[in-house]
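Colleague: The active site, tele-phosphohistidine intermediate feature in TrEMBL is assigned to His8. Look at TrEMBL and you will find Glu86 tagged as active site, proton donor/acceptor. The annotation substrate binding site is assigned in TrEMBL to 7-14, 20-21, Arg59, 86-89, Lys97, 113-114, 182-183. Annotated site 'Transition state stabilizer' per TrEMBL: His181, in sequence order.
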Amino acid sequence: MKLVLVRHGESEWNRANLFTGWTDVDLSEKGHQEAIQAGQTLKQEGYDFDVCYTSYLKRAIHTLNHILDEMDRNWLPVHKSWHLNERHYGALQGLNKADTAAKYGEDQVKIWRRSFDVKPPLLDVNDERNPANQAMYRNVDAKALPLAESLETTIDRVIPYYEANIKKDMEAGKRVLIAAHGNSIRALVKYFENMDKDTIVGVNIPTGVPLVYEFDEDFHVQKKYYLGDPDAIQAKMKAVANQGKAK
Ligand SMILES: O=C(O)[C@H](O)COP(=O)(O)O
């Protein structure tokens with residue numbers, strides 16, 4: 001069984017190096033190109049899908065749309081869920097990552113970005129960015145919506161959704177494509193690989209590159225690989241890690 005995950009292409013806020021989280025920003029021009037390239041790669045490599053999953057955020061939705069365009073698979077069913085959203089970056093959303101590192105130190109920014117269980121500072125409940133105050137989440141139980149998330153609390157909402165929906169589809173023999181985000185994908189990577197808290201700290205997901213997992217029938221990982229030029233992928237991962245360095 002194969003599962004393909006793609007982090008959205010570069011967003012406008014990735015380009016500006018801003019903490020983004022649940023802010024609904026679109027792809028940059030480079031991000032659109034990365035998503036188109038991901039679709040072309042999947043097509044050239046002979047991939048096909050039966051069902052797709054994505055988040056509520058347009059950078060992931062538009063990435064998926066580009067991929068489906070390139071594969072001529074726009075007719076596929078697409079499930080959108082807030083459970084696949086990026087980790088909520090709380091009151092850090094909108095701040096520049098390098099400036100934040102200069103102000104609070106690179107170690108603190110690494111803790112906020114990559115530690116397993118530390119949440120960034122919470123949004124105020126009255127903040128218009130509180131998801132409970134936004135139309136996008138009007139059908140979600142407000143008690144389930146965060147004011148900030150750690151990777152641990154992101155896992156708490158990604159994995160039950162994966163098990164109840166995506167895993168079920170895979171068990172039924174469906175080929176699944178997920179277009180999501182750096183940290184919702186890190187949640188899945190940690191779970192699939194049973195990774196410990198220290199190892200996941202070093203995992204950075206590149207933008208717009210298909211990541212393939214091959215599982216046996218008990219959902220043990222047999223193989224894991226990115227599709228594309230290995231040097232270019234390494235460079236993209238390093239660039240993500242370096243976003244938290246002071247200039
Ligand atoms: O929300 C964000 O800022 C990014 O999409 C992911 O950020 P990170 O790599 O700093 O966790």
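Glycine too: its Cβ is placed from the backbone N, Cα and C atoms.
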Colleague: Given the binding-site residues Arg7, Arg87, which one's Cβ is surrounded by the fewest other Cβ atoms within 10 Å?
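Modeller: It is Arg87 that, of the binding-site residues Arg7, Arg87, has the fewest other Cβ atoms within 10 Å.
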Colleague: Just checking, which of Gly21, Gly182 (binding-site residues) has the fewest C-beta atoms within 10 Å of its C-beta?
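Modeller: Selected from the binding-site residues Gly21, Gly182 on minimum Cβ neighbours within 10 Å: Gly182.
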Colleague: Taking the Cβ of Trp13 (substrate binding site) as the centre, count every other Cβ atom within 10 Å, in any protein chain shown.
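Modeller: So the Cβ neighbour count for Trp13 (substrate binding site) comes to 20.
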Colleague: Please check the binding-site residues Arg7, Glu10, Gly182 against ligand 1 and give me the ones with CB under 6 A, sequence order.
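Modeller: Checking each Cβ against ligand 1, the ones under 6 Å are Gly182.
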Colleague: Between the recorded positions Glu10, Glu86, where is the Cβ count within 10 Å the lowest?
Modeller: Glu10
Colleague: Cα-Cα separation of Trp13 (substrate binding site) and the residue listed as 'active site, proton donor/acceptor', in Å?
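Modeller: Cα of Trp13 (substrate binding site) to Cα of the residue listed as 'active site, proton donor/acceptor' measures 13 Å after rounding.
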Colleague: Show me the subset of Glu10, Gly21, Lys97, His181, Gly182 whose Cα is within 10 Å of the residue listed as 'active site, proton donor/acceptor'; these are the recorded positions I mean.
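Modeller: Of everything listed, what lies within 10 Å of the residue listed as 'active site, proton donor/acceptor' (Cα to Cα) is Gly21, His181, Gly182.
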Colleague: May I ask you to report the DSSP-based helix, strand or coil state of Gly182 (substrate binding site)?
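Modeller: Note: Gly182 (substrate binding site) is helical by DSSP.
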Colleague: Using the alpha carbons only, what distance in Å do you get between Gly21 (substrate binding site) and His181 (site 'Transition state stabilizer') once rounded?
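Modeller: Their Cα atoms are separated by 9 Å.
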Colleague: Sort Glu10 (substrate binding site) into helix, strand or coil using the DSSP assignment.
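Modeller: The residue in question, Glu10 (substrate binding site), is coil (DSSP, three-state).
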Colleague: Which one is it: of the recorded positions Lys97, His181, which Cβ has the fewest other Cβ atoms within 10 Å in this structure?
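Modeller: Lowest Cβ count within 10 Å among the recorded positions (Lys97, His181) is Lys97.
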Colleague: About how far apart, in whole Å, are the alpha carbons (Cα) of Arg7 (substrate binding site) and His181 (site 'Transition state stabilizer')?
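Modeller: Roughly 5 Å, rounded to the nearest whole number.
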Colleague: Which chain-mates of His8 (active site, tele-phosphohistidine intermediate) that are at least 6 residues away have a CB under 8 A from its CB, listed by sequence?
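Modeller: Within the chain, His8 (active site, tele-phosphohistidine intermediate) has Cβ neighbours under 8 Å at Leu27, Gly31, Ala35, Leu57, Arg59, Ala60, His62, Thr63, Ala179, Ala180, His181, Thr207, Gly208.
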Colleague: Does DSSP give Arg87 (substrate binding site) helix, strand or coil?
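Modeller: For Arg87 (substrate binding site) - judged by DSSP and reduced to three states - the answer is coil.
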